[in-house]
């Protein structure tokens, strides 16, 4: 752990804290229908889109109508992307003449990008045409992120409105999130990436001669435009196989800062937007502080674990003063690799600038735990906020039980219906993660994908189904996921982790929006102070994390203890 690494991390955290209120205020204005500067240019385009689609943005929807519109839109997007992947060999912009994507892989990929997961059981430059990357994946990067923002905004309205019947208009929220938030920021990010050397072309692949005299194929393509939105929209799927560890995706220190900052920017700002939209910025600051504490704690553990190096390597007499550098870019080192790993799993992003499978056991456990907690530590674009508010509901319920009062939040009584729906949303994660991992260990065809023995093999299984259920998309690379069994199983886990959380969340919004707000009384728990922040952190860790402790004890914790004791596990025969 070096002073240079600490300064880099402090710069990142300072930028995040500085931009949060600025972007948060802007997004609150966008979704409250107020005038904004980009609206001068984009307003006519927005109104034109409504006219073409026959949408009246002022006609709001009941939560059931909002949910039906969302599910229909995402189903259509999934089917169109599946068809595009299956028929890409017949379509233009395929200079490498890549064939059609197989049915199980096409299903997995279509589900992955529709659910904002971006799990990739393939290498982008060897599997997908330029058209598939642009028209298929990049489009879904925008609309899946906009879908998450729309759900978060609908839930905010549930808390903010009084005795209402509607939670907004899904189509209007989708368009505004795309036009006013995602598109401008992605455009600016893409310009910076092109400036720094990221490819943005339609050229054929280039064959180059290496210093040893051999040939190497250099992939090309419209990468910058996809990379910008995959970072910004908490998508994460790389244009190239090794994601942002590839020098074409992440060539300089500036691109590394920009891409890692884009990981959390919108998710952090949406928490501030929540405070603005409910009329009490203290509420947003309290939630932001809680997740900031969890984020910094996880980052500290990960960086410490990686900076210590591998004791098995040290025992061989190898110099390890730079820490555990296996699977890492030398230009970024342990500090920036740990920062990215924690940020990408705190958000539901999943992009990487280092290989998580090569992290030390505890260093790899923190990213896994971030996802197991429901990715509410800032979380994905929109998804992080509505997941966090589900835990807020559980926290005030627990507080109400302790003092013997009906729980309430922002004046809205939290009753049996909201608690049941919140519990359903929380139970999705252990069902998908532990259920998928258990199935993998007992089905021989699925277990064959595990390439490492012992505790690390279990960690690879856990990480895969945690990433899929949490809609993250990162992976421990020792897990061979491109099989019909896992393409199907992981695809189902992604669908479960996305829509089995969204539906109860929107139901909570519909229930809350109909309630009147009661004034705070002498027994009301203040939800903007230190006590509530502590209670919320405890709820996230205990309710969200304790379920997974036995699995973590058998995986990364057991691996850490074995490694410390000098016990190693051989390769799978």
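Here the Cβ of each residue, glycine as well, is placed from N, Cα and C on the backbone.
Checking Swiss-Prot for transmembrane segment across the ranges 362-382, 383-403, 446-466 points to 383-403. The feature transmembrane segment, as given by Swiss-Prot for the ranges 31-51, 94-114, 115-135, 136-156, sits at 136-156. The feature transmembrane segment, as given by Swiss-Prot for the ranges 179-199, 200-220, sits at 179-199. Counting only same-chain residues 6+ beyond the ends of the transmembrane segment (531-551), those with a CB under 8 A from a CB of the stretch are 286-287, 289-290, 293-294, 369, 372-374, 376, 391-392, 394-395, 398-399, 426, 429-430, 433-434, 437, 458, 462, 525. Through the fold, the transmembrane segment (383-403) approaches residues 116, 148, 151-152, 155-156, 159, 234, 267, 270-271, 274, 287, 291, 347-348, 374-377, 409, 414, 418-419, 422-423, 425-426, 471, 501-502, 505, 508, 523, 525, 527, 532, 535-536, 539-540, 543-544 of its own chain, all at least 6 residues removed from its boundaries and within a Cβ separation under 8 Å. In this chain, the transmembrane segment (3-23) lies out of contact with the transmembrane segment (136-156); the count of Cβ pairs under 8 Å, excluding pairs fewer than 6 apart in sequence, is fewer than 3. Beyond the transmembrane segment (179-199), the same-chain residues lying 6 or more positions past its ends with a Cβ under 8 Å from any Cβ of the stretch are 27, 30, 36, 38-39, 42, 45-46, 49, 142, 145-146, 149, 220-225, 227-229, 231-233, 248-249, 251-252, 254-255, 258, 262, 265-266.
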